[in-house]
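The structure under discussion appears below in the form of structure tokens.
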Amino acid sequence: MKQVYFVSVLILSSYCASFLEEQPGMQNKIYSIKLERTQSQARKSLFDFITTGQHFRSKSELLDDISLTQTQQKESIKLYNFKNTQYTGEISFGSSENKFKVIFDTGSANIWLNSARCHDYGCKNHKQYDGQKSLTYEHLGYDLDVEFGTGELMGEINADTAYVGNVKIRKQEFAEIVRENGDVFAQSDFDGIVGLAYPTMAAYHFNPLFDNIMQQKLLDRNVFSFYFSRQEGSRTSELTLGGWNQDHFQGELHFHNVANKYYWLLEANNILVNGKDIGLCKGGCSVIADTGTSLITGPSDDLYDLIDNLDIDENCKNLKELPTLTFVLDGINYDLDAHDYIMKIDSYGNEIAYGSFASTDSFLEMGGGCECIGTFMPLDIPFPQGPAWILGDTFLSKYYSVYDRDNDRVGFARAK
């Protein structure tokens, strides 16, 4: 049996100079998860991993039907916060105390955790899951063999009770990695990935986390949303389950229908540079809201045309003259200025976001030996989901995003 899907994690350039908080005043159950922002290190390996076809072999029967329950838990849990290029939070497996730091990723649909049975460095360098210590562990026996450009992951898909704070999700399937060749996770700052895309992307079409939340009727509204703070080291970034938090955005929340229930894929009318159509989105194009990707990606030819038109000076001399990039969805303009899409790479290879500084002058004065780059990367997503642009954290840190499974739509509003 062969299935191919994509996992979206962090994508970065390699240049070098180089939760639950119930919202007051709302009737629906809404849970808010504080997110951590962390810095990536495993650039090339992660890129290979997320863009590869992944093959699975099955040798057991499907799960039994899950009876439905409803949680009464309403509480808040603050999670970690680190640096600039990933947002991570905590999920628990087996017991609420067995916590893992993960990326909550709308660009993938599976959960990946390192197994205690794995003795490779990439596994042992992180928190490892031990099914023998869990009373609710279920061995499903779905073999996992993932080959990618610089390595291979081997293991199996099993199930256990998952906890997001005290929200309890029973019989949650996840990929338990028992062998890791290569360094796809070895240098990463997270223990795993939690996919929040549609189940059509999931291995063997098992339910992603949010689909199990829906099936078990744990929320009044099947909606979740993300607020990504640009303050390095802050604890203000947030994943909200069951609705959205109006304290984190301003103005109107605009919704756009999902065009393909695989990714959170939307149809754009156009992509403009300083208000001009330069042919980046001829006759309309697809865009994907992806919380697991740090940059904006686009089809190679279009992305290179965009870079040429932006004309970013590597010495940061033209920051104040750089154009506005606009994504147009259903007639709504979503603008990104240089403040949003420029970063510096210092002499140690560290990424410093322009948007984390109060002014252009303070950004320029932060030190020499740096190079200015755009937070863009070419990525050719194959048919039938592609070609498409990915709106990663560069976009999603400026615009609060809402993912509505009840109505299959995505909402954006200007983040505070």
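Every residue gets a Cβ built from N, Cα and C, even glycine.
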Disulphide bridge to Cys123 as given by TrEMBL, partner from Cys16, Cys118
Cys118
Counting distance between Cα atoms, which of the recorded positions Cys118, Cys123, Asp290 is nearest Asp105 (active site)?
Asp290
Counting other Cβ atoms within 10 Å of each residue's Cβ, which of the disulfide-bonded residues Cys118, Cys123 comes out lowest?
Cys118
